[in-house]
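J.: Structure incoming, see below.
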Amino acid sequence: MHEILHGKRLVAFDLDGTLIDSVPDLAAALKRALRGLNLAVPVEEQVREWVGNGAPVLVERALVWAVGQPPEAHLQARAFDAFMQHYGAAPNTLTRLYPGVTKALETLHRAGFTLVLITNKPERFIAPILEHFGVKEWFALCIGGDTLSEKKPSPLPLLHAAAAFGCAPHECLMVGDSRHDIGAGKAAGFATLALPYGYNHGDPIELSHPDVVLPTLDGLIEPTGA
Ligand SMILES: O=C(O)COP(=O)(O)O
Ligand SMILES: [Mg+2]
């Protein structure tokens, strides 16, 4: 096990860009929504830079790009509803688990860590996706971007999860791909571990100064030899 796990009891995982590469399905749903409104559609690489602050902000960023200004409320509402419908209908068509995810979750769970999922994705999508990839059973709690009154980078969901299992913040680790995960982790008093392969608005995750950066989750569970 990686030394950052020493003294830890709870590990909180981000979802998009950390466990799953979900942008292809997010982009497909966004394109369908925009096309349905007769608006320009972005390429997948653009969508990759817009993910991370939850579905309403994803749709808003797409509309700003498509119409050149902040969208009026009725356009935002129509595009958001369409996006939610399209994504809900096909959240797992092109989405893939990143390497090492299943083994890391299973190994940590069997080693006695409490695993929680803290994503900014709307809560309704979490269970179908985790079930599809056969990893839902490893999580003791899942929190979405609309589950509580605040989402990452607020520390609130992290502190909520720690309290739910009677853990002090210093006994917890936040694992994520974006500045919102690392910011929330630091604000909550968690240790922080970053994966560089996900979505961080085009910036290197090192700029957020996580405690550790690993190329994949394999490094979290590898024997240290110590
Ligand atoms: O829906 C999003 O913005 C992405 O969510 P996540 O990276 O917090 O899982
Ligand atoms: Mg993420």
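Cβ coordinates are placed from backbone N, Cα and C, and glycine is handled just like the others.
Copied straight from TrEMBL:
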| type | residues | note |
| --- | --- | --- |
| ACT_SITE | D14 | active site, nucleophile |
| BINDING | D14, D16, D177 | Mg(2+) binding site |
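Quick one: how deep are these features, and who are their neighbours?
T.: Less than 8 angstroms from the CB of D14 (active site, nucleophile) sit L117, I118, T119, K152, M174, V175, G176, D177, S178, D181, G198, each of them six or more residues away in the same chain.
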J.: Centre the Cβ atoms of D14, D16, D177, go out 8 Å, and tell me which other residues of that chain have a Cβ in range of the Mg(2+) site.
T.: L15, G17, T18, L19, G52, T119, G176, S178, D181, L195, G198, Y199
